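If you check Swiss-Prot, you get these features:
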type: ACT_SITE; residues: GLU94; note: active site, proton acceptor
type: DOMAIN; residues: 100-330; note: domain 'Radical SAM core'
type: DISULFID; residues: CYS107-CYS335; note: disulfide bond
type: BINDING; residues: CYS114, CYS118, CYS121; note: [4Fe-4S] cluster binding site
type: BINDING; residues: GLY161, GLU162, SER193, SER216, LEU217, HIS218, ASN292; note: S-adenosyl-L-methionine binding site
type: ACT_SITE; residues: CYS335; note: active site, S-methylcysteine intermediate
Amino acid sequence: MEKKKIVLKNFTEDELKEFMKTIDEKPFRGSQIFSWIYKGAKTFDDMNNIPKSLRNKLEEVSCIGHIDIELKLESKVDNTKKYLFLLDDGNIIETVMMDYDSRVTVCVSNQVGCRMGCNFCASTMDGLIRNLEPWEILDQVIKIQEDTGKRVSNLVLMGSGEPLDNFENTKQFLKIINEKNGLNIGYRHITLSTCGIVPKMYELADLEIAINLALSLHSPYDEERRKIMPVANAYSIEEILNACRYYIKKTNRRVTFEYSLIKGVNDSEKEAKALAKLLKGMLCHVNLIPINKVEEREYEKPDKAFIYKFRDSLEKNNIPATVRMSMGSDISGACGQLRRKYK
């Protein structure tokens, strides 16, 4: 069996310098190669200040790492683009770019599929196929920057997959994306969304890297949450909120609670008041997301009046809340609509 090659995009700059030592090369070559990677080098022969002997050696044991754009869809109603990327093993992942006036945000996937089973989300329908490696998450951002010529300023880990279910690779990706000689995206411009894997939430907090944490809550009641989110069978709302409080304490960052509003399921005045009571005193914000249509599901978004009544009820009880503007829904690129194949 052919030995699997080492993917250089999986390394930080310091790690690449260490890798040079393992192949009997000077560490400074690692910095040169790192620079070439982020200048867009596609092959080792593009690196014209690297000796031919080293390029040949690298060719034998390693590769740079590339995913390919299979398809790009552009929204007709807003500045959203959805990319379908083809991975080396033939799997497909989806990534969304949102071009705002003041920033460019990319929503990356971190798994092929998802095993969390949230029953309003398209990403989980085929289950989990595999985790993405750090470089495969990273290259979504690189390829979008190359395609558009625009610098990505903000990043959300809200595509297919649960980041904390792929924790080690997510953690390494966060180190790489922050590299000053790489893409240099600051931690305060990165948001990680989780459905609440409590032990990993504590581990994330202990990293003390101060990224923004978004918690998919969707109901103030354990019983109701278990019906729409199977992960709720493993962790109660109380356990999740305690982990959120710990995260706030360690990072001094506000936690965002994502709440998908589903008509007749979780959109009543009673639930708004229960949610406000639950979050009282926390450094937090509620992001209300009118459910986006997934053709295999019967869920519907509430009428606009109900949506804003829910928001007003939270704010009346001193819980900051906004209604998220849904972008990319006409290309199935909105929250909950990403999947591992194009339909």
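The backbone N, Cα and C atoms fix where each Cβ goes, glycine too.
Feature map: annotations from Swiss-Prot on the structure.
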{"residue": "CYS107", "record": "disulfide bond", "Cβ contacts under 8 Å, 6 or more apart": "THR95, VAL96, MET97, MET98, VAL156, LEU157, MET158, GLY159"}
{"residue": "CYS114", "record": "[4Fe-4S] cluster binding site", "Cβ contacts under 8 Å, 6 or more apart": "CYS121, SER123, THR124, GLY127, LEU128, SER160, GLY161, GLU162, ASP165"}
{"residue": "CYS118", "record": "[4Fe-4S] cluster binding site", "Cβ contacts under 8 Å, 6 or more apart": "THR124, CYS195, SER216, ILE228, MET229, PRO230, VAL231"}
{"residue": "SER193", "record": "S-adenosyl-L-methionine binding site", "Cβ contacts under 8 Å, 6 or more apart": "VAL156, LEU157, MET158, PRO163, ALA214, LEU215, SER216, GLU258"}
{"residue": "LEU217", "record": "S-adenosyl-L-methionine binding site", "Cβ contacts under 8 Å, 6 or more apart": "GLY196, ARG225, ILE237, ILE240, PHE257, GLU258, TYR259, LEU275"}
{"residue": "HIS218", "record": "S-adenosyl-L-methionine binding site", "Cβ contacts under 8 Å, 6 or more apart": "ARG225, ILE228, MET229, GLU258, TYR259, SER260, ILE262, ASN266"}
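Cα separation, ASN292 (S-adenosyl-L-methionine binding site) to the residue listed as 'active site, proton acceptor', rounded: 17 Å.
The predicted model assigns the domain 'Radical SAM core' (100-330) a mean pLDDT of 94. All protein chains shown were included, and the count of other CB atoms within 10 Å of the CB of CYS121 ([4Fe-4S] cluster binding site) stands at 25.
Counting every protein chain shown, 26 other Cβ atoms lie within 10 Å of the Cβ of SER216 (S-adenosyl-L-methionine binding site). Just so you know, the Cβ of GLU94 (active site, proton acceptor) picks up 28 other Cβ atoms within 10 Å once every protein chain is counted. Take the CB of GLY161 (S-adenosyl-L-methionine binding site) and look out to 10 A: across all protein chains shown you find 30 other CB atoms.
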